[in-house]
Amino acid sequence: MEVSKKKPAAGVPAAKEPAPTLASGKYTFSKAEALRRYLSRKQARSGKRVSKVKRDEQKKKPKFVEKPFSKGTRIVSLKKRPNNYPCKDHSKPKSKVQKKHGAPKVRKSLQPGTILILLAGVHRGKRVVLLKALKSGLLLVTGPYKINRVPIRRVHQNYVIATSTRLDISKVKIPETIDDAYFRRKREKRAKKAEGDIFAKKKKTYKASATRKADQITVDRQLLRSMLNSLGGAERKVVLNYLKSRFGLSTGQYPHTLKF
């Protein structure tokens with residue numbers, strides 16, 4: 001690291017030479033020294049700076065005094081320290097204004113109609129069609145269910161690979177009811193266990209509601225119809241087989257070298 005020293009002005013004593021500067025132009029002061037200099041400049045600008053005469057007077061003032069104690073004497077400080085110290089650190093109070101964190105930005109490659117590869121969850125390795133991005137930043141995807149048994153579900157963008165294959169789903173109308181609140185499950189309060197009821201009740205398994213099944217049919221029907229209209233016979237067959245097949249790596253294959 002190159003260090004350049006500024007030449008002192010004529011008549012300036014060696015003790016008051018300016019600090020050496022780096023090649024970048026920054027001074028090599030320590031953090032404490034930089035803070036001290038900043039405060040002294042601030043005081044000078046506001047006119048609250050203590051003059052040199054006053055500083056010299058304060059230095060000359062005695063800080064300790066000798067007082068009689070028992071049979072002898074002892075040295076006592078003139079500036080008395082407080083007997084009690086606060087237990088808590090009196091830091092600045094926290095702001096009452098809460099910061100609003102918006103939804104994460106969706107990647108440019110994640111456009112509606114793009115075929116994605118799921119990397120986590122029950123359906124990992126399966127290929128799905130991206131319908132849209134929700135307000136929370138999560139992706140709304142579907143299999144379709146009839147092809148690869150993947151229902152309408154939410155997926156985080158960190159757990160998908162976007163492929164270069166994209167379908168035309170401009171005519172697919174997704175119901176407005178399908179949002180983040182649509183996927184929230186209602187949790188019932190646990191009843192207090194009575195004697196003898198330890199093994200009586202079993203854990204309830206999740207079952208899709210009638211409305212969710214109906215929404216799944218309407219979305220999948222529209223999606224398959226759009227594929228039928230936009231794709232040719234041979235191309236449609238390739239896309240359907242592509243959605244049915246699972247993604248996997250064989251020996252010698254590396255994901256960073258593949259083009260999806």
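Using N, Cα and C of the backbone, Cβ positions are placed for all residues, glycine too.
Unlike curated entries, TrEMBL annotations are predicted automatically.
Copied over from TrEMBL:
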type     : residues : note
COMPBIAS : 9-20     : compositional bias 'Low complexity'
COMPBIAS : 39-52    : compositional bias 'Basic residues'
COMPBIAS : 53-65    : compositional bias 'Basic and acidic residues'
COMPBIAS : 93-106   : compositional bias 'Basic residues'
REGION   : 1-25     : region 'Disordered'
REGION   : 39-65    : region 'Disordered'
REGION   : 82-106   : region 'Disordered'
Sequence-remote partners of the compositional bias 'Basic residues' (93-106) [C-beta within less than 8 Å, at least six residues beyond its ends]: 133, 135-137, 139, 157
DSSP-derived helix, strand and coil totals, residue by residue, for the region 'Disordered' (82-106): 0 helix, 0 strand, 25 coil
